[in-house]
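Comments concern the structure below.
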Amino acid sequence: MPRGDGRLSHDLNPGEKGPRDACGVFGVWAPGEEVSKLTYFGLYALQHRGQESAGIAVSNGSKILVFKDMGLVSQVFDETSLSSLQGHIAVGHTRYSTTGASVWENAQPTFRATGHGSIALGHNGNLVNAAELAAMVAELPGSRGPRHRVAATNDTDLVTALLAGQTDDDGTALTVEQAAARVLPRVRGAFSFVFMDEQTLYAARDPQGFRPLVLGRLERGWVVASETAALDIVGASFIREVEPGELIAIDESGLRSSRFADAKPRGCVFEYVYLARPDTTIAGRNVYLSRVEMGRRLAREAPAEADLVIATPESGTPAAIGYAEASGIPYGSGLVKNSYVGRTFIQPSQTIRQLGIRLKLNPLREVIRGKRLVVVDDSIVRGNTQRALVRMLREAGAAEVHVRISSPPIKWPCFFGIDFATRAELIANGLSVEQIGTSLGADSLAYISLEGMVEATTIAKPDLCRACFDGEYPVDLPDPQLLGKEVLEDSDRPGATGAGTAAVSDVDGVATLLSGPGAADALRRP
Ligand code: 5GP
Ligand code: MG
């Protein structure tokens, strides 16, 4: 909740990205299967959606156990912890966040006792009415007083508390399924929830379907997951998407579907650009094919005189392939990526920091020397990646560097689950494309058009959320102050970062020092 000391809460946590998540969720109902291992491999397939913390909750029908910790899926779990998680229902989560408020309490699945047992819940997305939900939690019976405070400071735990604490008029506790029918219509923003009580696995998706969520079938059970690629990895066959506005419940009497809201599809276009795995299909459209098509269209919209097309690995690769194909310029590898550089908890020394992205990308000098290059990447956020890359390619002997981006300039913050920079930090906010190109040191810079990107997805434009590109937010946003990411943070709670400069990891996983306010006033600032 906003603090009463008159200061905006984000001032205390500069640079801290807080509980805005682009996460991965996974759930399985499968008697007779090792559900904790299936969930582990499902999360492994979704690791790209969140590298900060990982967790699995398992129910054996009478008790739920939760195991979660900071780190990658492979760092959090081992044979011992997985074999201690015995049961037939599981829910798993990988979380994207940054250091600071990335405390254990905010790791997921979140867990609560209910009037009938307990609930464990994982969330992908970001809610925009957290303040309202916090007020609803405060109204729950027995929730007054500091002892009943919600320990976590994320929007997700509010929903868990609400699902756990509903009662009917005479004070009898509702079941989780009854509570979901009452609570879910009150939740605003982006949510793909996977949750369970002792007997039942649930999946719910917001009416806009901002984030993906799919249903799959095992020989002896059911799976829900953020992406179809996670179904493939555990050998589940794709059945269908969880519909926007739908609640699914799976238990021994089978699968039940109900609606808590009408569907108003506004799937996130950035899933097609960057977030999702290329081998995933969302709303019937494969992500890889979308990216290649974005590259083809980019080549037609923004041709370049060049000798070689190279990708910014890995996420720029499909678009670079499409660009090369449509332009007739050969495609080659100009950069080698170290695939083992994920989010590191080790702060780089000053010397390493200056080397920047070299930790991750190293140029192939023998390929680059003397060439006029087209460098394709999926997006520019702050511009750090392309600026470092252009310099690196020139040092490696490139004759010319033409940067081509397969999404339009990102000008607006995302309130639906992508932890972009604040509006002030977005390089495209306030600079023309030409000025950005100059700032990157490129010989030329061009972005694909909004129409080109949208058409490449084959999804109808009105059915996509493009807010980060065009500022058209599909749901009403509350007062910017109530959107602050530390809206639930308490200045004196343990783990809250003090004023000053906070260490965070940048989008490329290399820790950097950043200062500046959070996104709380992002829409107001120039
Ligand atoms: P920039 O360096 O311009 O700040 O960020 C652009 C780079 O970050 C691109 O190479 C793009 O692939 C990557 N990127 C874009 N969005 C995200 C995101 O939400 N998370 C992470 N980790 N990387 C991103
Ligand atoms: Mg990239």
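Each Cβ is built from the backbone N, Cα and C atoms, and glycine gets one as well.
With ASP377, ASP378 listed by TrEMBL as binding Mg(2+), the candidate from SER290, SER315, SER444, SER449 annotated for that site turns out to be SER315. Distance from the CA of ASP377 (Mg(2+) binding site) to the CA of CYS414 ([4Fe-4S] cluster binding site) is 20 Å. A Cβ within 8 Å of the Cβ centre of SER315, ASP377, ASP378, the residues given for Mg(2+), is found for these other residues of the same chain: VAL273, TYR274, ALA311, THR312, GLY316, ALA319, VAL376, SER379, ILE405, SER406.
If you draw a 10 Å sphere around the CB of ASP377 (Mg(2+) binding site), it holds 22 other CB atoms from the protein chains shown. Secondary structure at SER315 (Mg(2+) binding site), as computed by DSSP, is coil.
Excluding the listed site residues CYS268, CYS414, CYS465, CYS468, the same chain places PHE210, VAL269, PHE270, PHE416, GLY417, ILE418, ARG466, ALA467 with Cβ atoms within 8 Å of the centre of the [4Fe-4S] cluster site Cβ atoms.
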